[in-house]
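Listed features, source Swiss-Prot:
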BINDING   His240, Asp278, Leu279, Asp306, Gly307, Asn338  S-adenosyl-L-methionine binding site
Amino acid sequence: MFIVSRLKDLTIITNRLRHYFRNMDVKELQPPSSVRGMQELQREQFRKIVQVPRLRVPESQVQRVMPLVKKFLLKMEHLHPVRAVDQSREILLHPTPVKNWDSLPTEDLQRQKVNAENFSFADLELRYENWSANEILKSVLPTEEEGLTSYSRIGHIAHLNLRDHLLPYKQLIGQVLRDKLPNCRTVVNKASSIDNTYRNFQLELICGDPDYQVETKENGVPFEFDFSKVYWNPRLSTEHERIVKMLKSDDVLYDVFAGVGPFSIPAAKKRCHVLANDLNPESFRWLQHNAKRNKCLPNIKMSNKDGRQFIVEELREDLLKRLCTTDTTTYGIHITMNLPAMAVEFLDAFRGLYSADELAQLPTNVCYPTVHVYSFAKGENTKELVRQLVESNLGASLDENLLQGINFVRNVAPNKDMYRVSFKLSLNMLTTLKEVEVTRKRYAEEELEVATKVKCV
């Protein structure tokens, strides 16, 4: 149902877009005011009788009349606006645009032998089933504070992150969502912040079955996993798609914090060469499962290690072989680091990853990997803050030749944003330890200070 800007005016309905009048702006079509503050769902309390305009026409005329009144039909959940009554049909109309007979295209209707005698108002019983989840919750939850603004769907699970003032209503919210959302069997609430080793959500079951093994699709790719034991955020699907679209067949992807594979599996399906890693044994198990399910095992190697260990072992070995034995100008090499709470802390693992001798014979036109690291930033100028975080942990400044972009991903909380910082690794980064670079910079600053003092004397 689309929102109409002015309910008091008759609205022109285009053939391309089907706009209907918003029922929640019409008091008569709202749930009873008596349900406000309800904490235990009582579906029978939502019953009410309303009067709505109607046309009653012979059955033989319905097909000719419907195109004339289609834009005025009363649209509600589980309500058929055209109903059989004896040998005729009752067409229920929306009370906002239709106040009386003259609100309708009377001349066109009269040509079909429908006149004012066919128009009247009828009693209509509305029930819990006739309102959407949003309409039910809007009528129940307190008006003085923000209601339920969003939730995530992962397969048959609805995942909430309720604020404190909504916790007394959590059972009701869970029941309403399970009732109203298609194929929803389980409703959970985020019980605490993500602070465990494996960075997965701590969940509280508030309604439905304690079944957390889900099947879902992201950007056309099927995934299966236990939502209670791994990290999965459907709000990142667009970002996953952005990265995968950057990749071409035969490109290389090193996925340091792969999870169950939202970057790695689509990349492997595109016939990229993928090395994927995750510390969580459950994520690793489902990563393997999803690779097998999507028939991309030949294109992906998987490991179950700490991200730093993966960088200094698998990534180091594979990248060295590619840099030394292949033409890196013919394909792209990408490194994804999607662990925004701490991924930047792993950037120093790239510093001094190789000795100068190991990379001494590389051609001058060698193409080094592009790193896509995700991070949270909290404050006023979050874009600048996230750049500083990356440069500080990397121990290097990112000039215009190295920095590929700082891209906003999503707002997480007030003044807290998630970003992707994309940058090129360089020969200097890969062959110089972070501590050496910092010492060199400090020494240069001290030399400059001494020189300045000498000039002043």
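Sequential numbering from 1, following the chain as shown.
Glycine too: its Cβ is placed from the backbone N, Cα and C atoms.
The model shown is predicted, which means the values in this text are computed figures rather than measured ones.
Swiss-Prot feature annotations superimposed on the structure.
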residue: His240; record: S-adenosyl-L-methionine binding site; Cβ contacts under 8 Å, 6 or more apart: Glu218, Asn219, Pro262, Phe263, Pro266
residue: Asp278; record: S-adenosyl-L-methionine binding site; Cβ contacts under 8 Å, 6 or more apart: Phe257, Ala258, Gly259, Phe284, Leu287, Asn304
residue: Asp306; record: S-adenosyl-L-methionine binding site; Cβ contacts under 8 Å, 6 or more apart: Leu279
residue: Gly307; record: S-adenosyl-L-methionine binding site; Cβ contacts under 8 Å, 6 or more apart: Val256, Phe257, Asn277, Leu279, Met337, Leu339, Ala343, Phe346, Ala349
residue: Asn338; record: S-adenosyl-L-methionine binding site; Cβ contacts under 8 Å, 6 or more apart: Leu236, Phe257, Gly259, Phe263, His372, Tyr374
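When the Cα positions of His240, Asp278, Leu279, Asp306, Gly307, Asn338 are compared pair by pair, the longest gap among these S-adenosyl-L-methionine-binding residues is 22 Å. Around the Cβ of Leu279 (S-adenosyl-L-methionine binding site), 21 further Cβ atoms fall within 10 Å across all displayed protein chains. In the three-state DSSP classification, Asp278 (S-adenosyl-L-methionine binding site) falls within coil. The DSSP secondary structure for Asn338 (S-adenosyl-L-methionine binding site) is coil. For the recorded site, Asp306 (S-adenosyl-L-methionine binding site), the DSSP three-state label reads coil.
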